[in-house]
Amino acid sequence: YAPSALVLTVGKGVSAATVTPERAVTLTCAPGPSGTHPAADSACADLAAVGGDLDALTRSEGVMCPMIYDPVLLTVDGVWQGERVSYERVFSNECEMNAHGSSVLAF
C-alpha cells in the first residue's frame, strides 16, 4: 500500500510564515484510519471520495456563517497515496472553514 499520512494545522492569519498554529491533528488513512483527528474514519472516507484533492472538498449546504473577516489559515502537509502534499488555504473565518470539507476540516 502507498502511505497516506497528513498533519493538519489551523491558526489565525493569512500567511504560514507568520501564523502560529492553534490546533494540529494527525490523520493516517493507509493502511487504515488513525491519528489524533477526532473523526479519522469519516475524514479518510471523505478524502478518498475526492482522490485526496483538498480543493474538491465542497462547502456544506445550509450552513450560515457570519460575514465577519477573521481569517484562519489551514495547512496540510504529508503524503497522500505516496505523493507529497503541501497545501495552504485561507478562510474568511473559522465558521467558513468548518463548513468546508465535511469531516476533514472538523478538528
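Quick reminder: no glycine exception, Cβ is built from N, Cα and C everywhere.
Annotation comment: Swiss-Prot describes Cys29-Cys44, Cys65-Cys95 as disulfide bond.
Structural mapping of features recorded in Swiss-Prot.
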residue: Cys29; record: disulfide bond; Cβ neighbours (10 Å): 24
residue: Cys44; record: disulfide bond; Cβ neighbours (10 Å): 23
residue: Cys65; record: disulfide bond; Cβ neighbours (10 Å): 15
residue: Cys95; record: disulfide bond; Cβ neighbours (10 Å): 15
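Here the C-alpha separation of Cys65 (disulfide bond) and Cys44 (disulfide bond) works out to 25 Å. For Cys29 (disulfide bond) paired with Cys95 (disulfide bond), the C-alpha to C-alpha distance reads 25 Å. Counting in whole angstrom, Cys44 (disulfide bond) lies 21 from Cys95 (disulfide bond) by their C-alpha atoms.
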